[in-house]
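Q: In case it's useful when we look at the structure, here is the feature table from TrEMBL:
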TRANSMEM  71-93  transmembrane segment
TRANSMEM  105-124  transmembrane segment
TRANSMEM  144-161  transmembrane segment
TRANSMEM  194-213  transmembrane segment
TRANSMEM  219-239  transmembrane segment
TRANSMEM  296-317  transmembrane segment
TRANSMEM  337-354  transmembrane segment
TRANSMEM  375-395  transmembrane segment
TRANSMEM  427-446  transmembrane segment
TRANSMEM  458-482  transmembrane segment
TRANSMEM  502-526  transmembrane segment
Amino acid sequence: MDANTLLLPCTDGAVAGAVDFRGRPASRSGTGRWSAAMFVLGVEIAERFAYHGVSANLISYLTGPLGESTAGAAAAINAWSGVATMLPLLMACVADAWLGRYRTIVLASLLFVVSMGMLTVSALPAFHHDGCSYGSRSLACSPSPVQVAVFYVSLYLVALAEAGHKPCAQAFGADQFDQHDPKESVSRSSFFNWWYFGMCSGTAVTTMVSSYIQDNVGWGLGFGIPCLVMVFALLAFLLGTRNYRYYTSTESSPFARLARAFVALIRRTKSSQCDSSLATDDAAHREEEVKGVLRLFPIWATCIIYAVIFSQSSTFFTKQAATLDRRIGSTLRMPPAALQTFISLTIMAFIPVYDRAFVPMARRFTRLSSGITMLQRIGTGLVLAMVAMVVAALVETRRLAVARDAGLVDQPKAALPMTLWWMLPQYVLFGLSDVFAMIGLQEFFYDQVPDALRSLGLAFFLSIFGVGHFLSSFLISAIDGATKKSGASWFSNNLNRAHLDYFYWLLAGLCAVELAAFVVVSRVYVYKKRVSHDNGAVM
């Protein structure tokens, strides 16, 4: 990271609307900026380490020690992920109206530590029946009711902790840059890139390290290490308390605020005799906030299939990799979940290229400080996601052909004579797609919601993936039920007799339709703030 970018020149005065930890007006030179944002970035890296220490290899745990079917495990993971990404809508309201972002991050981090500790306990040998082993190479066994209960309670507590942490941490980090200061505003845009870079650093490390430990040492240790990392990260976050800028809100629940304004807007719309001059300035302002939120919905709706595609990398991709030749050298075998590391590595490699090369080059043509608009960035990511699913379908078609040619169709535990590196391109494409779509969506929903609802805006962004996970769970269950009737489920426990390629082609087709709709709605979208000389040019 270039030090000249991170260190902004000091200017005198206080930051409007911000206070320091003592409640005094926040000094521009003594609070905020990168020196404060780095503490927030640190706790986010640890949170990613903890969360993906659970989610990355979860399908192996469910189909191994817990003995669930492939389709059932994938549906359960998507349902859990959906809860984890929908709950931020509620937790963002709690943060904005009552607790504040700082307190919410602290409480969510504490809950992460508790829930990860419970998850570790549930994976210890004492909770398993005698003779039941824990590695992914072992046969599935019947878990005890206590183990299942403690595991799922812990898992959903992790989702609750994630819900409190996710919308607040990024918004709190972005709050450390004053949007009204030209130089800090540029750094804030760069912050979203480096934020995702940090997230992917934590994800890459835990995906490789935790999945190897879980597969080769034990699930208890594999869950326990992320728990300890979260403990140290929370302590580091607390050390930055004196450096942060805090924004206070005098409003009640943002949902209640929007609901009241929405009702008032409907009444005024229905009343043909309504005199707009009678409306108070405050009521008119709130109604404008409602309109500001509602105009984001078409963009939100046309990114759902992208979220469905996003959910496949930690479920079916991992199960496919487990059937391939995973040898590295003569002794080492790569854990199936470790392939997800290449998504993070791609992001980490390309974000500096995007920030240092692509943006300056694009700026020469567009004269935009960001190089391209947020919607152009998102649209590029959707195209890459569609290409990724086409590649995934072609690779799966080849994998099935190799299984047939090798006579291994009915030997699902045998490694196919096909290297797992065949799957690398789809993971790289996922990473490139995330650099454009994921970061673009984060910045878009943070920037375009009304200023008083920033945490809620990031929760709207996360809700895309919540709905996407739920839709993925529904599609898997519905397709599995329908195709089982013909005796050939697309998601058979024996993947050599499954048809994941059909599912990937379906998702690629749906993404093409979604992309067309996205282009239409993005062309008519008008940004809340001017981003170019022509405010309407978005795509």
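Cβ coordinates come from backbone N, Cα and C, glycine included.
Please treat TrEMBL annotations as automatic predictions, because they have not gone through curation.
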Q: Against which stretches of its own chain does the transmembrane segment (296-317) lie, if we need a Cβ under 8 Å and a gap of at least six residues from its ends?
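A: Answer is 55-56, 58-59, 73-74, 77-78, 81, 337, 339-340, 343, 375, 378, 381-382, 385, 388-389, 392, 423, 426-427, 430, 433-434, 437-438, 441, 444-445, 448-449, 460, 463-465, 467-469, 471-472, 475, 491, 500, 503-504, 507, 510-511, 513-514, 517-518, 521-522, 525.
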Q: Do any residues of this chain, six or more beyond the ends of the transmembrane segment (375-395), have a C-beta under 8 angstroms from a C-beta of it, and if so which?
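A: The answer is 299, 303, 306, 309-310, 312, 317, 422-423, 425-426, 429-430, 432-441, 444, 501, 504-505, 507-508, 511-512, 514-515, 518-519, 522, 525, 538-539.
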Q: May I ask whether the transmembrane segment (144-161) has at least three C-beta pairs under 8 Å with the transmembrane segment (219-239), counting pairs 6 or more apart in sequence?
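A: Judged by the Cβ rule, the two regions do not touch, with the required three close pairs absent.
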Q: When you scan the chain for residues with a C-beta under 8 Å from the transmembrane segment (427-446), skipping those not six or more beyond its ends, what do you find?
A: 170-171, 174, 189, 192-193, 195-196, 296, 299, 303, 306, 310, 313, 317, 339-340, 342-347, 350-351, 354, 374-375, 377-378, 380-382, 384-385, 387-388, 391, 454, 457-458, 460-461, 464
Q: Which residues of the chain, 6 or more past the ends of the transmembrane segment (71-93), have a CB below 8 A from one of its CBs?
A: 55, 58-59, 62-63, 104, 108, 155-156, 158-160, 162-164, 166-168, 253-255, 311, 314-316, 455-456, 458-460, 462-470, 472-473, 476-477, 480, 489, 491, 493
